[in-house]
Amino acid sequence: MADIIKITSKEQFDKEIKEGKVLVDFNATWCGPCKMLAPILHDFAKKVDGVKFLDVDVDLNRQVAEKFRIMSIPTLITFENGNQVNKHIGFATPDQLKKLID
């Protein structure tokens with residue numbers, strides 16, 4: 001069971017993705033699909049062990065969003081030990097979230 005960590009800086013982001021499996025939600029407060037995804041992602045994070053969940057507001061963390069060429073939101077990216085392994089653009093169902101971390 002994991003809480004979703006709000007990212008406030010590029011340095012924090014870099015530190016958080018370094019080890020283990022991490023699912024990052026790139027979003028914005030004004031994004032409708034992001035708002036629809038949020039409760040699904042929070043529920044999913046509570047049910048999954050061994051995965052860290054990060055929340056990146058692209059308006060507040062432009063450096064991170066630019067580094068990963070985030071052009072559409074929501075965008076979900078999975079990292080393992082700092083390496084990008086999966087990416088999903090747009091709204092995601094619980095089944096799609098599961099595929100991202102498997």
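Quick reminder: no glycine exception, Cβ is built from N, Cα and C everywhere.
Note: TrEMBL annotation is automatic and uncurated.
Per TrEMBL, the features are as follows:
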- 1-102: domain 'Thioredoxin' (DOMAIN)
- Asp25: site 'Deprotonates C-terminal active site Cys' (SITE)
- Cys31-Cys34: disulfide bond (DISULFID)
- Cys31: active site, nucleophile (ACT_SITE)
- Gly32: site 'Contributes to redox potential value' (SITE)
- Pro33: site 'Contributes to redox potential value' (SITE)
- Cys34: active site, nucleophile (ACT_SITE)
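Annotated features, which come from TrEMBL, shown on the structure.
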residue : record                                         : Cβ neighbours (10 Å)
Asp25   : site 'Deprotonates C-terminal active site Cys' : 24
Cys31   : disulfide bond                                 : 18
Gly32   : site 'Contributes to redox potential value'    : 9
Pro33   : site 'Contributes to redox potential value'    : 14
Cys34   : disulfide bond                                 : 21
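Spatially, by CA atoms, the recorded positions Cys31, Gly32, Pro33, Cys34 include one closest to Asp25 (site 'Deprotonates C-terminal active site Cys'), and that is Cys34.
Taken as a whole, the domain 'Thioredoxin' (1-102) shows an average pLDDT of 96 in this prediction.
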